[in-house]
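Notes to accompany the following structure.
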Amino acid sequence: MSQYTDIDRLAVSTIRLLAVDQVSAANSGHPGAPLGLAPAAHVIWKQMRLNPKNPEWINRDRFVLSNGHACALLYSLLHLFGYDMSIEDLKHFRHLGSKTPGHPEFELPGVEVTTGPLGQGISNAVGMAIAQANFAATYNKPDYELSDSYTYVFLGDGCLQEGVSSEASSLAGHLRLKNLIAFYDDNQITIDGNINVSFDEDVSKRYEAYGWEVLHVENGNDDLDAISKALEQAKLSDRPTLIKLTTTIGFGSLNAGSHSVHGAPLKADDVKQLKVKFGFNPEESFVVPQEVYDLYNKSTIEPGIEANKQWDALLDAYVGQFPELGAEVKRRLAGEFPEGWESKLPTYTPEDSAVASRKLSEIVLDNVFDTLPELLGGSADLTPSNLTRSKGAVDFQPPITGLGDYSGRYIRYGVREHGMGAIMNGISAFGANYRPYGGTFLNFVSYASGAVRLSALSGHPVIWVATHDSIGLGEDGPTHQPIETLAHFRAIPNLQVWRPADGNEVTAAYKVALTNKHTPAIIALSRQNLPQLQGSSVEKAVKGGYILQDVDQPDLAIVSTGSEVGIAVEAAKVLAEKNIKARIVSLPDFHSFGQQSKEYQLSVFPDGVPILSVEVLATSGWSKYAHQSFGLDRFGASGKGPAVYEKFEFTPQGIATRAEKTVEFYKGKQVISPLNTAF
């Protein structure tokens, strides 16, 4: 006998028709997947632990719609389950300024992550599952289980075809993340037509090879009991589970099973027959029977609110039993760092020895790692090069492997840069003040640009430790030497891109990156040693740009970043011998500098002083700050780092020569600062 009633089936039909009505009202959107996935959504959400009155409750279950184009389904669920999503909001689907944008966006209560670029959501979900396992292993005690939530995911064929999902799913299998349950919408349709035009692999065997539990629901269109049974079985597994859910895209539509129902509104006659088929009045839209509201209120909302109350009481008891850990949990849930943590940050003087900035980064991480338990680090198989693993760190690994445990805070991502980026977004989205950081070579952050862009769009404050930041890496040559990379990432809104020149600037980069709650950061670091510079300080560098060394009435300003700043300082000495006075400006982060007042920016780059930028990467983007740019608008070369710098004339004399030409060119001309603009 089925555990589901006619009211459950009415609820499924309600979900379907709310999604269809949204798409029809907007005359835009994707009705096909919501029609096919509504039964699974009903089964999952009905048993989820959630509290719509406290959507950020840390021990809630999480739902990720990786196939974000099906967002009309998610918005319907948010309305039905009591979140801040009204029928009027649904009627404004895809309208400018609405709560119902064309793909789910992170800031909306109940939306766990921004999805749309396929494959990102399932990868974010892996990150959430990692964070939950780590939080549980760190704080759970006998009789005090603070964390035992699940992460559920919907994904489609498109997600599975994107490489990022393979990277993340492979790692999830290795890590045996049993709190992760994914539903694969096996509807056999893509935008181009039947899936067989491009995709005929055995997804089940693929995920079995990853180390996942794989189950199959043959009739995902209306077999609620089979879906529920698969879900119960998944919860018994000691591994992540993929439930292959065979559905019909556009179920109930006249065009069901066709690619035409994927991304276009149903025609009016189709909508009417669909409503008749599901027992609704064909002349009415956005209808929710009271029985459906009552069903979800009784099955999910009221129990969720009560579970949250019980959890709050459990936390209070936990604080009494484990005062130190309890205070730490409360601090993290409040999104705060420990008082005085900044005292752990190192500072430097010019008398200190020259050190590679990747090593300076390691020193910062070593100093703060024990103080900040929310740091969850890792590297894409470059730990010895990135220097990202702190002394005494334990690896995040399944205990069964003997390689670490789930309380470990260092993740071996393998050669999976894109997966790492998307997983870090999920770790951040989990909450509890998690601050993930991941290491790779700067050039290979480009592999993960899709995830980096979503970090910035969503405001996930993840940190990329991006070493080997220039031709200075030497012998590995142009395949590994970044050229366009910084210009690309600097163009992304809400993204810090640091290229520190010495120890104080490395410290400043981490200080700003860690204290900023809504902006991710890439910290580009050198392989070669860099001197500690006269005039640098953490206090100046946190502004993103500052005058490192100044002169009275400068003939020009040389602005630079990273390893070239020290060379620019030497170039100024060459120029001084020719009676040319150069102001030296260090600009480690365009974004942070852009946050300063216009008055401050113009004090660094005033009218009347020609500006030459020097950076051994592409010159694109430098016109914002400089009149002339000396950079590398070609690929690098293989050889010893100093020899490669010499080849491309990034030497004191090479910079001085271009500085002289800049001074000569602007002599007698009115020089307006590039920052002195109309708006």
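In case you wondered, yes, glycine gets a Cβ from its N, Cα and C as well.
Binding site for Mg(2+) per Swiss-Prot: Asn187, Ile189, plus Asp157 from the candidate set Asp157, Asp202, Asp222. The thiamine diphosphate site in Swiss-Prot is built from His69, Gly116, Pro117, Leu118, Gly158, Asn187, His262, Phe444 plus one of Glu232, Glu291, Glu417, Glu475, namely Glu417. Distance from the CA of Asp157 (Mg(2+) binding site) to the CA of His262 (substrate binding site) is 13 Å.
In sequence order, Gly29, His30, Ala33, His103, Gly116, Gly263 are the residues near His69 (thiamine diphosphate binding site), counting only same-chain partners six or more apart with C-beta under 8 A. A gap of 32 Å separates the Cα atoms of Asp476 (substrate binding site) and Pro117 (thiamine diphosphate binding site). Cα of Pro117 (thiamine diphosphate binding site) to Cα of Arg358 (substrate binding site): a span of 32 Å. According to its DSSP assignment, Ile189 (Mg(2+) binding site) is in a strand. Closest to Asn187 (Mg(2+) binding site) in space, going by CA atoms and restricting to the recorded positions Ser385, Glu417, Phe444, is Glu417. When the recorded positions Asp157, Gly158, Ile189, Glu417, Phe444 are compared by Cα distance to Arg358 (substrate binding site), the shortest distance belongs to Phe444. In terms of Cα distance, none of the binding-site residues chosen from Asp157, Ile189, Ser385, Arg527 sits within 10 Å of Phe444 (thiamine diphosphate binding site). Taking every protein chain shown into account, His30, His262 are the binding-site residues, and of these the Cβ with the most other Cβ atoms within 10 Å belongs to His30.
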